[in-house]
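One structure is given here, and the rest of the page talks about it.
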Amino acid sequence: MNKDCENWLLTPAAMGRVDDAAARSGMNSYGLMEKAGQAVSAAALRLFPGARRFVVLSGPGNNGGDGYVTARALSEAGAAVSIFRLGDPSRLKGDAATAFAHCLLDGDDLDAYQPWAGDVVVDAIFGAGLDRPVPDTVRHVIERVNVASIPVIAVDLPSGLDGRTGRVLGAAFTAVHTVTFMTRKPAHVLLPGRRLCGSVEVYDIGVPMRIVAGEAGCVRVNSPSEWQYEFPSEGLESHKFSRGHLTVFSGPAAATGAARLSAAAGLRIGAGLVTLASPTAALETNAAQLTAVMLKAIDNPSDLAVYLDDPRHNAFVIGPGFGIGERTRAFALALKDRLVVLDADAITSFRDEPNALFNAFSGGDFRLVLTPHEGEFARLFPDLATDERQSKIERALAAAVRAHAVIVYKGADTVIAAPDGRVLVNDNAPAWLATAGSGDVLAGMIGGLLAQGMPAFEAAAAGVFLHGKAGTAAGRGLTSEHLITSIER
Ligand SMILES: NC(=O)C1=CN([C@@H]2O[C@H](COP(=O)(O)OP(=O)(O)OC[C@H]3O[C@@H](n4cnc5c(N)ncnc54)[C@H](O)[C@@H]3O)[C@@H](O)[C@H]2O)[C@H](O)CC1
Ligand SMILES: [K+]
């Protein structure tokens, strides 16, 4: 993968414009297809040196063109190759027609393909150009290949996958390996697409970087290079007060654990001081289980107003275990001038009046981070959640603009979006991170980074990435307590 663009995500439409611009610049566009097909052939031979037969399934567009180049290259390397085609190859156009003309192997209709043991399928039916559910012929082949457990190498995208959204249009192959070109596309990282791609190889077919950069936009894969420059450093001159003061609100006596997890995570990620703001009735319960985290009784909005008189109380987490309702709304709105992570119950509390929240935090730098999972997202943004046309990236971005907040739209493919258009898709979370209390830990980590002065978008992205990394380090069967001790800055 080219280092310059390893985190970029281009939609199929943007990649189409890259292709056009490359052709206009005088590049030989057939040369790009030739390199694409050669890369797929090399991957197939590398991954399956013992294949009895490579079966190339070629479609009606340029993805099919890549397939004809692959078939020719595999055959020239001495492998056994069969081709099955969707559509009349005499109707292929442009580079795909050229690739077909150069490939002297016979082929048959896609319908005729019956899997044999020892086959390896090269799926070149549809790539970036899929724009509607796959036809029945393709659906039936996908089913036959699945039933026979034939390994599939996908060209650009597993056919049936919508490159922009990562959703399945009708049916899709499940690939063991996908070779894509220049940059990854949203479907390689958004679910369910990511699971259908297998390992993803990004091959540089030689489109000049300035042309790709022209279409790259601000949507990327989350990685330290996206936020490291803002990560708080522990210089010799730093002391606990210069590393900020995070306050986490505890729920009532019967629901204090979630907030303690957030507070402990905030401390672990480096906040200088962490206070648990607790109802008087829960002080004893909390006191029995805290050491480094401080405790303060705050029962009502007037207690909170006094606490907010001290400007050193700069960052807050509200929501985990806090309870749903009017008191929660009053507390959250009182924090409107501070850095705030609003999670769980505090999100749900605004389901009937989300604009009250959004308006309170509008104006000035964005300082509110919302961390909804799927259900909470639907409560605050019901219209976006049900809009089937939009990808998770597009939904998160629209929500961020509306809320004037950084949105951490959680899931195994968490999307972090800022109102200014920046979006990061996270892909390092292990499956076992979805455990009780995991979200509370994440909220505390983001709060702890906000307290240390990291801007909201970078704090959210770093929190999500380091949370995934801690989950991987903790390993299967982790508990949230273990997750916290596995956090490394
Ligand atoms: N820079 C690059 O990334 C390069 C990519 N290459 C390959 O080109 C394809 C994209 O090619 P395109 O022709 O635009 O699209 P497809 O081949 O995916 O399919 C278009 C073709 O299919 C028809 N179609 C779409 N949906 C359906 C459907 N549901 N049922 C039936 N037919 C459908 C549509 O009408 C068109 O005829 C990219 O993925 C790469 O593999 C280049 O080779 C090199 C540069
Ligand atoms: K494909």
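From the backbone N, Cα and C atoms, a Cβ is placed for every residue, glycine too.
Per TrEMBL, the feature domain 'YjeF N-terminal' maps to 15-213.
Residue density at ASN62 ((6S)-NADPHX binding site): 26 other Cβ atoms are found within 10 A of its Cβ, drawing on all protein chains shown. For the recorded site, ASN62 ((6S)-NADPHX binding site), the DSSP three-state label reads helix. The (6S)-NADPHX binding site annotation in TrEMBL covers 62-66, 127-133, ASP156, ALA258, GLY321, HIS373, ASP440.
If you look up TrEMBL, you'll see ASN63, ASP123, SER159 marked as K(+) binding site. Its own atom aside, the Cβ of ASN63 (K(+) binding site) has 26 Cβ atoms within 10 angstroms in the protein chains shown.
Under the heading domain 'YjeF C-terminal', TrEMBL lists 223-489.
TrEMBL lists LYS410, GLY411, ALA412, ASP413, THR414, GLY439 with the feature AMP binding site. Here the Cβ of ASP413 (AMP binding site) has 21 other Cβ atoms within 10 Å, regardless of which shown protein chain they belong to. Under the three-state DSSP scheme, ASP413 (AMP binding site) falls in the coil class.
Looking only at the binding-site residues GLY65, GLY411, GLY439, the densest Cβ neighbourhood within 10 Å occurs at GLY65.
Mapped onto three states, the DSSP output places ASP156 ((6S)-NADPHX binding site) in coil.
Those same-chain residues not listed among LYS410, GLY411, ALA412, ASP413, THR414, GLY439 yet with C-beta within 8 angstroms of the centroid of the AMP site C-beta atoms are HIS373, TYR409, ASN426, ALA429. Sequence-distant neighbours of ASP156 ((6S)-NADPHX binding site) (same chain, 6+ apart, CB under 8 A from its CB) are ALA36, ASN63, ASP66, GLY127, ALA128, GLY163, THR178, VAL179, THR180, PHE181, LYS185. For ligand 1, the neighbouring binding-site residues among ALA128, ALA412, THR414, GLY439 are ALA128, by Cβ distance under 6 Å. A Cα-Cα distance of 22 Å separates ALA412 (AMP binding site) from SER159 (K(+) binding site). In the three-state DSSP classification, ASP123 (K(+) binding site) falls within a strand.
Contact annotation for binding-site residues (ASP123, SER159, HIS373, GLY411) versus ligand 2: ASP123, SER159, each with CB under 6 Å from a ligand atom.
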